[in-house]
């Protein structure tokens, strides 16, 4: 090695050492770029050094976390206690990102998405604060985004037209339509991105329960997201005043994380903050209601869950306070106490509340909430009958009493501490975002973030208290053995959605009558609204052609043409193919195995999710699930079994399906981990007298949350259902994890509850799956990620494990290569206030030359067509085009969309738009940058080698695709738009939402527990019983 190379290596190593060397930072009291150091601390167990500073001129708080991690993070948060339920913090979060003094373009936030290599960009409205974080590995990118974020939050333009677009407005559905000239009141509706987002949110019964619970226990803290009933009371003037009052450095907290220099950050941030004087900081901490005088009870109406029994429409929970979150050790201890009571099938709360049949699943607020100043422990149940609702609180209190009497086993506590040790060792790609999420909420509520980061200090103090005996029990006695609690109940009401619609109608009529008074007649009032809508459309369309030269951007030329190689090694162990990734893992080994099934019968495929749930629930002949859960926590970081589905990168429509098994542990515990995993898969006791009840309980858990799980990601469900009609591969995927799977599970539950014979048949099929689930065959493959020094020992362990596996192949079906007819125009009638859409078309395999241009096309359509047409003009929360290069699918989706018919028109015009547009070099470069955000994003060490192992995509394939992507031209984009979107093969579309008259020519289906109503995949349903 040359002398200058040695010097270079020494300097790099020295820089790394100094990065987390606490002495390399200014002393407490010293100043740097207008900031004064308040505190600094080295945290060796997290390999970081934290420095807390205060800006001299404004008193802005600043926390820097230095760590040898190239994925650097910035976040700025403001205390935003909501004054009412109009959603002003939420609407401000949206409009803040719509233009600023230095960057006066419309929507610089979304415009920066494709001008950056960030792997995380977002904004969050929390209960009492609003945060704007990003993460990137590129220093220039960091400085670009930091400049945009600082100007957006501290110098926003907050134009009234942006408020109307993002918040709420009243206007005709389509101001350009000829009938809009007639001025009919029924054609006028409420619009706005946030308004429609929150209408979508209250379609999610879990969200609605949680937010109404929060309003009851924290009435001093209004709904920050906004209630549609009150959003329409907010004015632009109120928004601007709220921003001036709250978005000030004196009311802010700044956080930076990673390996970039603190001094550089402070200079850039300080230059902006120096333009402000000292302002008012909102230091008020909102507290929950006073329960010192005894119990409180609140009951509110909610929607009916069509996937639950008609006589089990109650959701009820009870909440207790557990001290003060500034007591960091006690709050940590309360977290352990909560886990001991609630975590796992063997936990006392699960057994007393769900296994007993009192309800079907925990309420969404169940657990310990430490986001405010007062920690709150809530326990509750959904799917409860009116008669049983009062018994839930009694059952919870009995668990407290029994736990206090029996005490907590040391084995369970040690298992929890072992999980913490593994969490410290596990190298994640998004550690910095995790640091921000862990500290920011409590920081705004007066908790010192330095104490939150001092992991070992907290754990060691907990251990000291715990070793004295009876510590956790004393916390129970202190906080839970009393009746100072809130019981919150939501009752399913058949007219709930109709009442919301009626309330909206009344609000609309009131707004219109005010406009009639102002303009003299209804016709003139609606004409005025139409003119406003047309002006907004004009502004939106002008923005699509605006000069974006003021925005900073990275260059595609800065992206390396060479993909970073993370080499894998392949070997045969006992005739089984094994992929090895040897990397620094902090003494952990990660294991993954795939067992592929060829021509699997359809009825067994539909049962795979239930099988996976069962092996983690039923226990074995010699151990209960509680005992297994304790062992898993003591010996591993977790084990799992799940279905998999992967597509071939070289042949369209070719796929593999089967079961995958995974887990990780300390190197020394890998033999135990493999034995645990194998025993659970092969020896779960389906013949136990308790098995039938447990299986019904698992089916109820899934069906009870089905409507809410769809509402949370309806566009994905819509897309999967649409794609099911394109090929057998996508049809299989829909059976595994789509709406077909949800309906099949509901059918299974109905049959299990009404027919003991069908339940017995179901159990026999689960036993059949168990016989071939994990077996040593030519279809079994393994991946191991570990330290190079651990590979040999892991190979010895693996060989012994493989030798003990059974050798049974999965059954096949003669009909398995066929697929049932699936509609190419499906409409799922669901009780949501907004719509979700998915349009799918099959394209080419990953290695085809059109694959990379299709990905560029998807980015171009998202940012230049779908976002402005469907989100900005149409009011949907989101819209996107996406290319699945390995699956060979091109998709268009919308999310929380009030205007699905307009969206479908936009979708249908997408191909012609993309074909006829003369794409500029800037647009192409931005599209490529957007793709590289994902391609080059850091990955956690356990994911390394996974892409090759799962799908067979080699480094060489990825390298070729990368080069093709960098070389895509405008002509390439025009050509793939013509070939696939305009002239392409059959497209398939699916909508989810409330059925209207215009849906008559669609294939309308309904998901339901009721056999007479369920129309989704009826053929599949009959095969599952």
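Here the Cβ of each residue, glycine as well, is placed from N, Cα and C on the backbone.
The feature active site, proton acceptor is assigned by Swiss-Prot to 93, with similarity to another entry given as support. Per Swiss-Prot, active site is recorded for 166. Annotation source Swiss-Prot lists Zn(2+) binding site at 90, 94, 197, citing similarity to another entry.
Around the Cβ of residue 94 (Zn(2+) binding site), 22 further Cβ atoms fall within 10 Å across all displayed protein chains. A 10 Å cutoff on Cβ-Cβ distances gives residue 197 (Zn(2+) binding site) a total of 25 other Cβ atoms nearby, all chains included.
Residues within less than 8 Å, Cβ to Cβ, of the residue listed as 'active site, proton acceptor' and separated from it by at least 6 positions along the same chain comprise 123, 124, 125, 130. Over all protein chains present, the Cβ of the residue listed as 'active site' has 27 other Cβ atoms lying within 10 Å. The Cβ of residue 90 (Zn(2+) binding site) lies under 8 Å from the Cβ of 125, 194, 198, 224, 225, 226, each of these being in the same chain and 6 or more residues away along the sequence. Reported as a whole number, the C-alpha separation between residue 197 (Zn(2+) binding site) and residue 166 (active site) equals 10 Å.
Excluding the listed site residues 90, 94, 197, the same chain places 87, 91, 93, 125, 166, 167, 193, 194, 198, 225, 226 with Cβ atoms within 8 Å of the centre of the Zn(2+) site Cβ atoms.
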